[in-house]
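Participant: The following block contains the structure, expressed as structure tokens.
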Amino acid sequence: MIFSTLEHILIHISFSVVSLGITIHLITLLVDEFVELYDSSEKGMITSFFCITGLLVTRWIYSGHLPLSNFYESLIFLSWILSIIHMVPYLKKQNYLSPITAPSTFFTQGFATSGLLTNMHQSGILVPALQSQWLMMHVSMMVLGYAALLCGSLLSVALIVITFRKVIRIIDNDKRANLNSFSIGGTPYITKKRNVLRNTSFSFLYSRNYYKVQLIQQLDHWGFRIIGIGFLFLTIGILSGAVWANEAWGSYWNWDPKETWAFITWTIFAIYFHIRVNKNGEGLNSAIIASIGFFLIWICYFGVNLLGIGLHSYGSFTLTSN
Amino acid sequence: MEARRGKSALEKPLDLKKSTMEMILEVESGDGSLWSCVFGWTTPMDLRYRRCSRRVVSNLMWIGGGPGGGDGSRRREVKGLEEVEEEGWKDREWSILAKSLRAPLMEVLMTPAGTLHQSPSRLHFLKPCHNFVNSTFKFKPQHLYTSRNRSRTQLPPPLTLINCKLKSSGEVMKQNASKKIELWNSAPPLSEEAEKNGGSGKEEDPVKAGSGSSAVSRSVKKLSRKVLSLLSNLPLAIGEMFVIAALMALGTVIDQGETPEYYFQNYPEESPSYGFITWRWVLALGFDHIWKFMDSPEAVRKQDFSETLPQASVQDLGVILMGSGYEVFLKGPRLYAFKGLVGRYTPIGVHLAMLLIMVGATLSATGSFRGSVTVPQGLNFVVGDVLGPSGFLSFPTEAFSTEVHVNKFSMDYYESGETDWSISALQVVKDGEGPFNLPMAPLKVNGDKKLYGTILPVGSIDAPNVKGISMLARDLQSIVLYDQEGKFVGVRRPNSKLPIEIDGMKIIIEDAIGSSGLELKTDPGVPVVYSGFGALMLTTCISILSHAQIWALQDGTSLVIGGKSNRAKGEFEGQINRMLDQVPELVESSSSSVTKQSKDMVAAASFTDPSARPS
């Protein structure tokens, strides 16, 4: 009883702290800056990290197995990993990932603790098929891989949005026929606009904002690195899952829906890497592929469970509201 | 007049290692100087050269050709070849011509396959060697007129052809060594390929080869090269991967492995079958040319990251790079350095590991045995009887004749008692007789719990209503007994050995026997697949490491540096910048050679041997 109260407290603390941190960050961005609170989101994430660590340790002690046996627990684990990913670049003083990871943590925790999944909140007994040393390695690697790939694909989505923001603004400005207020440099901007609408390559950017080009390059670069790490973990997770399946279910690949969708996700990110081999594949094209990957990860992680079939079915559940 | 030939930094010598044949055109220009231009051609598949050659040939044709043929819109009226016009040509235009004429030719100009077309006016500039050429090579003029309309106005007037020599590459080398041409200052860089002069020609000489077997071998070689380049096409690989992903997604939606009737029922036509195997082609990551020195500042500047240091020497850079952990190769003014070689070859390792996995999976699919059996406790079964082959490579091994004896079937219970099991039999002793094994059957109940029941018939079995003592078991711990009328009598635990009196019979429940269901499988591909897994994990880990390459070129007094890295691009730039900050700047107080070089330009400084000085 004490454990479940403790869990309750911890999860609520972490959730509220993260939401506070994000709110402050948004206020800083949009409205005004509170100088005393400039570091608040970082500290908030650190607090949340410790809370979730406490939560996981509690569940582990209480139930005797690593807390990764059902969807709720893996969501908590995912938000834990995301908070770690948030903190690592912070220690290196580069905060490109923080706008991605902090809201992701927030949303995963929110979903986990929402009313949709309350029937999974109790820590239960492991199904016999899951009682294995492999549980720790396979599931944790998969969730690590998902977390990193989610970050990377969200960065790519950000890249696409930033790339096309100018075009959207230009289109809007054309419609409003309000050319003068938009052009900062005077006529050169106006005359170049026609070209922008016609070609979609990156070349028009170089005549524009230098900082924006730098930002896009940095996003691209960071997305590449983190997707590389995520891909590595996903590979290890899939392969260890196959080895475990060979022991537990008789063969290492059973075309189970969850396995298959994990493989599809793997293939899409392999395509991402192969597109980046060419110079002109970098940037926008690879970002598009990575954003497709975002949806695939959610299908693989979440959607397949809704189907309720296959060998991974102990992760399945029905969405009920209480 | 002595014809001299040399190279500038802009024009690149031919890659005579690859060329099979060479043609030297010696032409006399308008101002009387004699130019000899060397053409060589390489294999047909080299697309880079093809683009060049169209322009070359168009220049030539335009120079020497007459009206008629091709797309008339782009032609320009040219004079006959015999006339030489002096139009005050600038060196610059000559340089453009000479450069384009030097570009290696392709089969577009000389191919064994095309057909020679008529009008001598078009080709009369090649008259002196016409018969030579005609006997072994043909032309494909339809390509010749499709060039781009590029700076026509700049091109020189027709040249007088002096002679035309066909040479094999060996002789050419000797000739080239003696001829040098001094060139101009600042012709703009056109897009060029790296061609190397020197090196030996190919072994066989197509001129002498003629026809017959070598033509066949040539075509086979051509075909295999074509196939290889088709296969290593990157967009093709990406497209294939998309197809694989889409098929897999489809496979989760459509149920796999069911009987055909299921599919006929649910889907009007055939479905993809269970466990299709796909193959992928190996993506060659450019390791046919591992690395080479870069021979011109333009090529060096074309790298991802490039920088020019105004007063520096290449040796200093080499020393600094070595200090930072690079492997440095220095040759004359050129430098190549790399770091982290393993990061370059691990993608190959990744693909090899995947191939290994696929080989193993094929082996599994064709060579494995499967079977399942339910064996009650205490009984045996022979392994070989149970398994059935699954493919044409399934060979039974000696292990198949072993007999497996089920010793004990036991279950560990949690407090809530949730596990999956089945009861096979109940062992009873009746009135001291027995023990009898009464098989138990599962009974249908609503909900999740299981119920097994059996009956010990009393009286004659052949009677219409067979009555007996029913025994029900929800688990192996306790058996519930009912008498003939179905009234509850009692509960017994199997190990207690307590008798129970029912209808005058003394029943002792000896044991409730669980049966274990076993799935058996032998799979020869598993070790291969596991090793493939291990290799894949390892190589994917390593491929995150970055591999960096740096080229540098001593360009007069300045040093042109270019580099690229395949992973850590952001940090790479910072690293290189820091290293370049350390390169000492040379302050030259007195060197006449420096000033002379800077005047005479780029060309001679880079490539000619130091002894040759431009006059």
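Using N, Cα and C of the backbone, Cβ positions are placed for all residues, glycine too.
Found this in TrEMBL, in case it helps:
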{"type": "DOMAIN", "residues": "A:68-312", "note": "domain 'Cytochrome c assembly protein'"}
{"type": "TRANSMEM", "residues": "A:9-31", "note": "transmembrane segment"}
{"type": "TRANSMEM", "residues": "A:43-62", "note": "transmembrane segment"}
{"type": "TRANSMEM", "residues": "A:74-91", "note": "transmembrane segment"}
{"type": "TRANSMEM", "residues": "A:143-164", "note": "transmembrane segment"}
{"type": "TRANSMEM", "residues": "A:222-245", "note": "transmembrane segment"}
{"type": "TRANSMEM", "residues": "A:260-275", "note": "transmembrane segment"}
{"type": "TRANSMEM", "residues": "A:287-311", "note": "transmembrane segment"}
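Locate each feature and note its surroundings.
Facilitator: Sequence-remote contacts of a segment are chain residues at least 6 beyond its ends whose Cβ falls under 8 Å from one of its Cβ atoms, and for the transmembrane segment (A:9-31) they are 37-38, 40-45, 47-48, 51-52, 54-55, 58, 76, 99, 102-103, 105-106, 109-110, 113.
Within the chain, the transmembrane segment (A:143-164) has long-range Cβ neighbours (under 8 A, six or more residues past its boundaries) at 68, 74, 77-78, 81-82, 85, 96-97, 99-101, 104, 202, 205, 212, 215-216, 219-220, 222-224, 226-227, 229-237, 265, 269, 283-284, 286-291, 293-294, 297, 300-301.
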Participant: Could you tell me what the rest of the chain brings near the transmembrane segment (A:260-275), counting residues at least six beyond its ends with Cβ under 8 Å?
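Facilitator: Contacts of the transmembrane segment (A:260-275) (Cβ under 8 Å, skipping residues fewer than 6 from its ends): 142, 149, 227-228, 230-231, 234-235, 237-238, 241, 281, 285-286, 289-290, 292-293, 296-297, 299-300, 303-304.
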Participant: By Cβ distance under 8 Å, which residues at least 6 away from the ends of the transmembrane segment (A:43-62) in the same chain are close to it?
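Facilitator: Long-range Cβ neighbours of the transmembrane segment (A:43-62): 3, 6-7, 10-11, 13-15, 17-18, 20-21, 24, 73, 76-77, 79-80, 83-84, 86-87, 90, 98, 101-102, 105, 109, 123.
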